[in-house]
Structures are given as structure tokens and as C-alpha cells.
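K.L.:
Here's the feature list from TrEMBL:
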DOMAIN    23-288  domain 'NADH:quinone oxidoreductase/Mrp antiporter transmembrane'
TRANSMEM  56-76  transmembrane segment
TRANSMEM  96-115  transmembrane segment
TRANSMEM  149-167  transmembrane segment
TRANSMEM  179-197  transmembrane segment
TRANSMEM  203-222  transmembrane segment
TRANSMEM  234-254  transmembrane segment
TRANSMEM  274-294  transmembrane segment
DOMAIN    290-342  domain 'NADH dehydrogenase subunit 2 C-terminal'
TRANSMEM  324-346  transmembrane segment
Amino acid sequence: MNPYALSILLSSLAVGTITTLSSSHWFLAWVGLEINTLAMIPLMTKMHHPRSTESATKYFLTQAAASALILFSTIMNAWATGEWAITTMNDNSSTFMLTIALSIKLGIAPFHLWLPDVMQGLNLTTCLILATWQKLAPMSLMIMTNHQLNTSLLITMAVLSTVIGGWGGLNQTQIRKMMAYSSIAHLGWMTLVLSFSPNLTTLNLMIYLMLTSSMFLMMTTLNSTNINKLSTSWLKTPLLASSMMITLMALGGLPPTSGFLPKWLILQEMTKQHLGAVSTLMAMSALLSLFFYLRLSYAISLTTAPNTSNSNMTWRMTHNQMQILPTMITLTTMMLPITPTLLAMLN
């Protein structure tokens, strides 16, 4: 893609998200979401492949439907209350529609079916943007309206998301689809605690963005899109392969990695709210996700690809420019000891 066109599209993505994050008026927030969607579509189609065209079409249709629903719900609320401010969604039917619209935007179950198919048709860099940056604007709107959203609906969608996110990733061989189901499961954890502690949702979102970014950057470095390609990564760069294995454990929520922190705090908050059955179901569904993370870890570390050379190290990766990767990997593994500091910052 032309570098000037790419810079304009990335700037539009940034402008759209910042517009939504900084707005207090529903119409301005909607405009920011639309700029975001329209800037994303050319990035998706830059591969000139039928799969990427299909992904862009599916993405456009789902996001357009969600945007129309957001606009409809806010107009209904303005008609009922006379207010356009984001924090004054007092009409029950409007908040119900808004919750569904933002769930479609994010890919929360049962409105998740577009996300794995769209991510499978994209290259890894565009997948990274879709799985991380594109979650910021809709999730910020959910956090801003958290005290007005339907708690029962959010808990139901959260449990569905974690179960479907774990179950859907079990039978996959494509890493992009696995990461899509991983995203659905993590969004379920964020949605669960949204009504009770939005600060924990923010913390979970930050850690999810960090873990997913480091995972996609490592996949881009190794040029791995399926399990077969991943099994050769140990011969290429043992250090990066072991770092990827630790990142996968962090995504699964195993201590002492950073991924354990949000799950631990969310389950603690849920037990304080006397939701023991929901907490148990969420913890058990997290085991489903952990299984396919372990499957990927096994493919990376314990599977040796067919190799005709006598040397254990077949060849080394060429030097790349991803200087941010060591920092991301360090944060992925070492944030658990600074839990009190993070909680103090959020409170």
C-alpha cells in the first residue's frame, strides 16, 4: 500500500477512536465509530485476495448494522428524555438496544460469529489492529454507560462469551481463529465485571491489549499463521518461541504471569457480589481456553518439525525492527507483583 494512503488511514483510525473517547455527546461518539470503521476497511482489502474482500464485506455489514442500532437507540433515548449526553441513558428499551449494538461492535457472544471469519481473511498486522485498537472505542462507551446497562443481560452474555470462546477454539488449527476465540473469551471476562467494578474492566482491557499485542507481534516475527508453521519456530529462534509459550500461559491466566491478575480480581469481586455459581462457571470455562493455549505451547516447544540437516539450529531469523517486543514480553510476565500499585492507580 502507498505509504501516504497508509498514514492517512492509520491517522483516521486514531482520530476516530480519540473522538469517541473524548466525546460526551452521542452523535459525536457515533461519528468517531464511523470514522474508525471506514478507515479499517481499506486496510483489510490491501491484500487483494478473495478472502480479504470477504472479510471486509462481513466487517462492513456487521459494523454498519451495529452503528445504525446505536444511532437508533440514542435517538429513542433523546426522544424519551430530551438528553443527548452519554451518561444520561435512562430509557430501558434504549439501553437494551445500546448493549446489543456495542456487543455486536466488540464481538461479544452471541453476536460473535463475524469475528473469527473476518480475522481469518486478514494479514497478521491488520488482525492485531482489529483485535486491540478497534476494541477501545466501543468498550469505552460501555464503561461510560456501565451504571445504566442491564446487569442480567451483561452477565448472560459474559458467561456465553467465555464458554463459546473456549469451546470454539478447541478444534482450530489456524492461529488467527484461535486468537479470535481468545478475544471473545477475554471480552466475556470484561463484560462480567462491568456493572460491579468498571475499574477492573479497564485493568482487564489493558492487560488483554498487552498480551494480544505481544502475541501477534511474535507471530508476525515468526511468520506463523497455523500450528504446522508454529512447530518450526523453536528451530528458528528458541528464545522467541519460549517467550511465546509464556505469553500463551499468560493468556490462559496461569500464575505467576500477568494474565492471572484480572481473572483473580474479577473472581474475587464476583464472590463479594454473592455470585458464586457464575464465578464457578467462569473459572471452569477458562479451562477450555487454557486447553488450546496448552495445545499451541506443545506445538511450539515439544514438537520437532521434520529436519534433514544434522544441525539442531537450522537457520537464524534475520534482524527485524521490532524493538518494542522485549518490553511487551517483560510486561506480559512480570506485572503480578505490582498488583497493589495498579489497583491504587485505577482507584
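Backbone N, Cα and C atoms are what each Cβ position is placed from, and that goes for glycine too.
Those TrEMBL annotations? Automatic predictions, nothing curated.
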K.L.:
With pairs restricted to those 6 or more apart in sequence, evaluate whether the transmembrane segment (96-115) and the transmembrane segment (324-346) have 3+ C-beta pairs under 8 Å.
P.N.:
no
K.L.:
Grab the same-chain neighbours of the transmembrane segment (324-346) for me: Cβ-Cβ under 8 Å, and only residues 6 or more beyond its ends, written as numbers and ranges.
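P.N.:
Hits for the transmembrane segment (324-346): 199-200, 202-203, 207, 210-211, 213-214, 217-218, 221, 243, 246-247, 250, 255-261, 265.
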K.L.:
Given the transmembrane segment (274-294), which of the listed stretches 149-167, 179-197, 203-222, 234-254 has the most Cβ pairs that are under 8 Å apart from it?
P.N.:
149-167
K.L.:
Same-chain Cβ contacts of the transmembrane segment (149-167) under 8 Å, 6 or more residues past its ends?
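P.N.:
Long-range Cβ neighbours of the transmembrane segment (149-167): 92, 95-96, 98-99, 103, 108-110, 112, 142, 181-189, 191-192, 194-195, 275, 278, 281-282, 285-289, 291-292.
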